[in-house]
Amino acid sequence: VIDHPKYQESKRIAIFLSMPDEVQTEEIIKDIFKQGKECFIPRYKPQSNHMDMLKLSSAEDISSLALTSWNILQPSDDDSAREEALAGGGLDLIFMPGLGFDKKGNRLGRGKGYYDTYLERCMKHPRGKPYTIALAFREQICESVPVTENDVPIDEILYEDC
């Protein structure tokens, strides 16, 4: 991941804080800060499909985040001091999680549409849609995954031996 040309050229990167069953992102996050890039992480709004990407100040900043009922670390709802990526300079790259992927760029998420809705908002930002890379295990690559008209295809899927 850290040798990927899109990662190397990106300055503003959004990445998920991984759950135990996902590709672990901690080392990528540390590298984002080591390389002097800006790091944004999701804050999901429950009972909706709204998500913001909020800026982390450091890799250690993760330990100050609240644990949600979904067992996800994220900035608390009353944390208004963090920059939201689209309120500022937008994003160059988004690393995306998912349950399943196909080689056509379709992604099966957890069903709420957070990332698809966020990408729609990105398209309205002056910088436009950032490059999207899904981080997956080989076992998550399927012949096809179900999609709807609201699903935004991802640009690239990285997995072992891809």
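We number each residue from 1, going along the chain as drawn.
Any Cβ shown, glycine's included, is placed from N, Cα and C.
Caution: TrEMBL annotation is automatic and unverified by curators.
Remember, predicted model here, so these are calculated numbers, not experimental data.
Among the features that TrEMBL reports, substrate binding site is placed at Leu17, Glu22.
According to TrEMBL, the ATP binding site annotation covers Arg107, Leu108, Gly109, Arg110, Gly111, Lys112, Gly113, Tyr114, Tyr115. A C-beta separation below 8 Å, combined with a sequence spacing of at least six in one chain, links Gly113 (ATP binding site) to Asn49, Asn150.
Excluding the listed site residues Arg107, Leu108, Gly109, Arg110, Gly111, Lys112, Gly113, Tyr114, Tyr115, the same chain places Gly98, Asp116 with Cβ atoms within 8 Å of the centre of the ATP site Cβ atoms. Taking Arg107, Gly111, Tyr115 as the binding-site residues under consideration, the smallest Cα distance to Leu17 (substrate binding site) is found for Tyr115. Considering other CB atoms within 10 Å as the measure, the emptiest surroundings among the binding-site residues Gly109, Gly111 are those of Gly111.
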